[in-house]
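Taken from TrEMBL, the feature domain 'Gcp-like' applies to 26-310. Look at TrEMBL and you will find H113, H117, D304 tagged as Fe cation binding site. Annotated substrate binding site per TrEMBL: V136, A137, S138, G139, G140, D169, G182, D186, N276, in sequence order.
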Amino acid sequence: MDTLILGIESSCDETSASVVKNGRYILSNVISSQVDLHKKYGGVVPEIASRKHVELIMPVINQALEEAGTPLDAIDAIGVTYGPGLVGALLVGLTAAKAIAYTTGKPLVGVHHIEGHIAANYLQYPELEPPFVCLVASGGHSHIVQVESYSKFEILGQTRDDAAGEAFDKISRAIGLGYPGGPLIDRYAAQGNSSAVRFPRVQFEDGSLDFSFSGLKTAVLNHLNRLAQTGEQVNIPDIAASFQQAVVDVLVRNTIAAAKMKGMGKIALAGGVAANSQLRSQMKSQAQKHGIEVLYPALVLCTDNAAMIGCAAYFEYERGNISGLDLNAVPGLKLG
Ligand code: KG4
Ligand code: ZN
């Protein structure tokens with residue numbers, strides 16, 4: 001008997017709903033991005049995001065059911081992100097999910113957003129099973145996670161200040177490329193020289209696998225100020241490529257060190273930054289030298305989407321981890 005999960009995601013600026021079969025197969029994955037709406041402000045405006053989610057959530061859910069050819073009756077459980085994220089945004093998806101669960105009597109499964117990002121790999125690789133090391137790098141998080149099982153996680157390293165995606169977004173704004181920064185920097189960097197400027201790569205002396213990106217951000221801003229003072233021309237592709245290389249170097253270095261420390265033969269990438277072309281290729285080539293395989297989801301499964309939430313919810317549902325209808329949004333929800 002197949003298990004069908006209706007997945008719902010609204011933690012940031014994507015309103016998304018999906019139908020996922022047996023935690024591995026996507027029957028639909030409708031994503032309505034608000035990127036164009038937030039672009040002119042240079043980042044996500046929480047109040048605008050919440051209001052837009054309210055408008056979109058039911059049409060997106062209905063479309064996901066329709067595209068999957070699955071009536072609501074045939075759904076086994078409703079999986080929804082309840083944190084971390086923007087509280088107003090989270091509440092919209094969560095309230096819709098609770099209303100559907102209440103009226104249909106179907107179980108509600110609250111999902112941790114990062115657990116969802118990790119689960120995107122189960123959709124990409126239907127044979128993949130834990131354990132493996134996962135680098136989750138997005139606009140809000142940069143975590144190296146030991147995925148012990150479908151529901152057990154150990155954080156091996158995390159950012160002590162800015163998230164990797166946040167650094168991409170801030171530097172993109174500083175060099176006038178706009179929002180969201182990751183894909184734009186990725187594109188401009190392809191025309192630039194990644195050794196043009198040597199930006200810092202933070203390594204903590206205590207042997208920790210944590211990251212720090214705020215010093216890198218300051219170094220890029222200082223470099224731009226220096227150029228402005230001396231009247232030198234800013235070579236945007238070179239700065240984009242040099243900055244990107246500094247981020248990729250530390251993400252690759254620490255993730256491979258984590259995999260070696262844990263004796264893992266597999267590294268999975270997840271989150272919006274996992275869409276980065278250089279991160280993908282350099283992680284792969286560096287890991288290969290240590291006999292470690294690198295996995296990453298298709299681009300659409302790296303950035304926020306509800307299929308990954310439906311997938312993570314399936315594994316929670318299977319082990320009986322059902323949420324009460326009093327489930328609340330938890331903006332700072334911790335993993336593990
Ligand atoms: O996972 P996601 O959609 O949302 C969060 O949970 O934060 O990640 C969005 C982040 C943004 O910071 C965006 O700039 C970054 O992922 N991103 C990228 C790329 N595509 C998206 N960063 C680097 N290179 C990319 N190609
Ligand atoms: Zn995300």
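Backbone N, Cα and C define each Cβ position, glycine as well.
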Out of the binding-site residues I have (S138, N276, D304), which ones have their Cβ sitting under 6 Å from ligand 2?
S138, D304
Give me the Cα-Cα distance between H117 (Fe cation binding site) and V136 (substrate binding site), rounded to a whole Å.
7
Restricting to the domain 'Gcp-like' (26-310), report the mean pLDDT as a whole number.
96
S138 (substrate binding site) and D304 (Fe cation binding site), compared by Cα position, are separated in whole Å by 9
Return the residues near H113 (Fe cation binding site), defined as same-chain residues 6+ apart in sequence whose C-beta is under 8 angstroms from its C-beta, sorted by sequence, else 'none'.
E9, S11, T81, G83, P84, G85, I309, L333
One should report the C-alpha separation between N276 (substrate binding site) and D304 (Fe cation binding site), rounded to whole angstrom, as 15
For each of G140, G182, count the other CB atoms within 10 A of its CB; which of these binding-site residues has the top count?
G182
Expressed in Å to no decimal places, the gap between the Cα atoms of G140 (substrate binding site) and D304 (Fe cation binding site) is 11
Length of the line joining the Cα atoms of G182 (substrate binding site) and D304 (Fe cation binding site), in Å
14
May I ask for the distance between V136 (substrate binding site) and D304 (Fe cation binding site), taken between their Cα atoms and rounded to an integer number of Å?
12
